[in-house]
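Asker: Questions regarding the structure given below will be posed in turn.
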Amino acid sequence: MKILIVEDEVKTGEYLRLGLCEAGFAVDLTHDGVDGLHLALEGNHDLVILDVMLPGMDGWQVLTQLRRQQKTMPVLFLTARDQVEDRVKGLELGADDYLVKPFSFAELLARVRIILRRGRGTVEVTTLQVADLELDLLRRRVSRDGRRITLTAKEFGLLELLMRRQGEVLPRSLIASQVWDMNFDSDTNVIDVAMRRLRVKVDDDFDLKLIHTVRGMGYVLEASEEKA
Ligand code: CA
């Protein structure tokens with residue numbers, strides 16, 4: 001899941017970015033309203049966290065433009081002003097929720113999860129399953145053959161991506177951008193290291209291996225034994 005933060009207070013933005021990354025989200029951060037609008041129009045974000053008072057273009061204008069251009073991703077407003085008319089205005093413009101500063105990170109994270117859950121609507125799955133491997137998106141739990149597997153936030157994000165796109169060979173560059181929110185740098189083996197750890201946890205104790213390396217191409221998760 002990818003989140004865009006538009007927040008001109010550098011410290012707040014960085015604090016949110018780090019917290020959300022640790023919670024397993026891929027995060028884009030910008031400090032300017034105009035950049036924020038461009039990123040939101042071009043990127044595939046599942047949620048935008050939008051400050052109201054911004055240089056370049058304020059949060060209201062950014063949201064208005066997004067909705068005008070048929071971008072329907074949920075928007076969570078951050079407002080420093082606890083004024084009823086501000087909240088009403090945001091909600092009227094099509095914001096999904098708002099938080100009044102100062103707020104705790106735990107509160108923000110809870111709101112983010114609720115909005116993302118709501119945004120998925122009633123038909124969206126909350127559990128991914130491949131063979132006997134299960135990933136519960138809401139409880140953020142993974143189990144195989146009924147046995148709980150404990151993953152770090154990054155490992156969870158990685159497994160979620162592999163399971164959502166099961167059967168597809170995912171290049172390292174795509175994994176890097178979706179899970180690490182970074183451009184792939186061939187000098188880094190961070191993906192391979194994480195993948196190795198994930199495979200130990202997911203596959204080592206089982207005869208049926210689910211995660212496979214496709215030499216020179218990337219990784220695929222599928223319940224077939226052919227690509228061992
Ligand atoms: Ca601001």
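Quick reminder: no glycine exception, Cβ is built from N, Cα and C everywhere.
All annotation found in TrEMBL is predicted automatically rather than curated by experts.
According to TrEMBL, the record shows the following:
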DNA_BIND  125-223  DNA-binding region
DOMAIN    2-116  domain 'Response regulatory'
DOMAIN    125-223  domain 'OmpR/PhoB-type'
MOD_RES   ASP51  4-aspartylphosphate
Asker: Let me know how many other Cβ atoms fall within 10 Å of the Cβ of the residue listed as '4-aspartylphosphate'.
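Answerer: So the number of other Cβ atoms within 10 Å of the residue listed as '4-aspartylphosphate' is 23.
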Asker: Restricting to the domain 'OmpR/PhoB-type' (125-223), what is the model's mean pLDDT?
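Answerer: Across the residues of the domain 'OmpR/PhoB-type' (125-223) the model's pLDDT averages 89 on the 0 to 100 scale.
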